[in-house]
Amino acid sequence: MLTFALTVVRHGETQYNRDKLLQGQGIDTPLSDTGHQQAAAAGQYLRDLHFTNVFVSNLQRAGQTAEIILGNNLHSSAAEMILDPLLRERGFGVAEGRPKEHLKNMANAAGQACRDYTPPGGETLEQVKTRFKKFLKSLYQRMLEEHGSADQCSVSTPGPSEPEQPVIAGLANDGVQNVPVHALIVSHGAFIRVSVRHLVEDLQCCLPAGLKMSQVSSSCPNTGISRFIISLRREDSGPRACRIQCVFINRKDHLDDARNSA
């Protein structure tokens with residue numbers, strides 16, 4: 001069995017974020033000055049962690065965020081950054097470039113909740129989930145190929161040796177103290193929300209004590225950080241996650257620290 005950590009970060013702020021305009025996939029904007037500061041704060045917060053793998057949306061706001069995070073990291077500055085279109089933001093079709101309020105009005109007119117509404121030409125939530133599932137499949141395969149050995153990843157029966165629930169102390173290294181394999185993902189708000197819900201609701205990820213389900217579906221702030229510990233094993237049908245443990249969701253301590261030091 002191979003156990004690895006997965007840290008997921010949303011990109012820093014863009015001017016479109018500040019102006020409450022939808023970007024989706026068709027609006028490829030750079031980070032704002034605030035976004036650069038947020039990414040640097042996230043990088044400082046994560047600076048002592050070693051990322052063995054880095055996967056990033058191929059939209060520039062995510063790429064810039066990842067570059068800044070790695071540039072602040074003491075152990076991973078030379079890590080290969082893989083740009084993956086599967087990690088792109090949800091497509092919002094005709095609503096891209098328009099105010100978020102416009103999307104709400106379109107959803108109201110259709111009699112749907114804004115989060116569930118798909119504007120013309122946009123991706124449904126199910127399509128976004130399918131994209132994430134495709135990414136997970138390729139991620140699992142890559143992690144086993146690069147970090148797993150035959151004896152580590154053979155089929156086993158869960159027992160006392162299975163990973164225990166990680167100790168959460170509010171620190172940047174929560175959950176990863178004894179996990180040498182660690183993947184970093186930098187992606188987007190709507191995509192991350194769908195991904196987290198899939199891990200928790202569909203894959204039955206274990207949640208830490210005190211975490212409410214409302215937090216699972218909450219919006220991730222710019223450079224918000226989530227972390228999961230995933231244990232894989234090989235099966236005839238391919239790699240399978242036999243255990244997924246959530247460490248935290250949408251943590252933003254680094255943003256508070258940045259504001260306090262400003």
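Cβ coordinates come from backbone N, Cα and C, glycine included.
Record features (TrEMBL):
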BINDING   ARG10, HIS11, GLY12, GLU13, THR14, GLN15, TYR16, ASN17, ARG61, LYS100  substrate binding site
ACT_SITE  HIS11  active site, tele-phosphohistidine intermediate
ACT_SITE  GLU89  active site, proton donor/acceptor
Recorded positions listed as HIS11, ARG61, least Cβ neighbours within 10 Å: ARG61
The residue listed as 'active site, proton donor/acceptor' versus recorded positions HIS11, GLY12, THR14 - nearest by Cα: HIS11
Count of other CB atoms lying within 10 Å of the CB belonging to GLU89 (active site, proton donor/acceptor): 27
Where the record names ARG10, HIS11, GLY12, GLU13, THR14, GLN15, TYR16, ASN17, ARG61, LYS100 as binding substrate, the maximum Cα to Cα distance in Å: 19
Inter-residue C-alpha distance, the residue listed as 'active site, tele-phosphohistidine intermediate' and ARG61 (substrate binding site) (nearest angstrom): 6
Which same-chain residues, if any, lie at least 6 apart from THR14 (substrate binding site) yet have Cβ under 8 Å of it: GLN23, THR29, PRO30, LEU31, SER32, GLY35, ARG61
ARG10 (substrate binding site), number of other Cβ atoms within 10 Å: 30
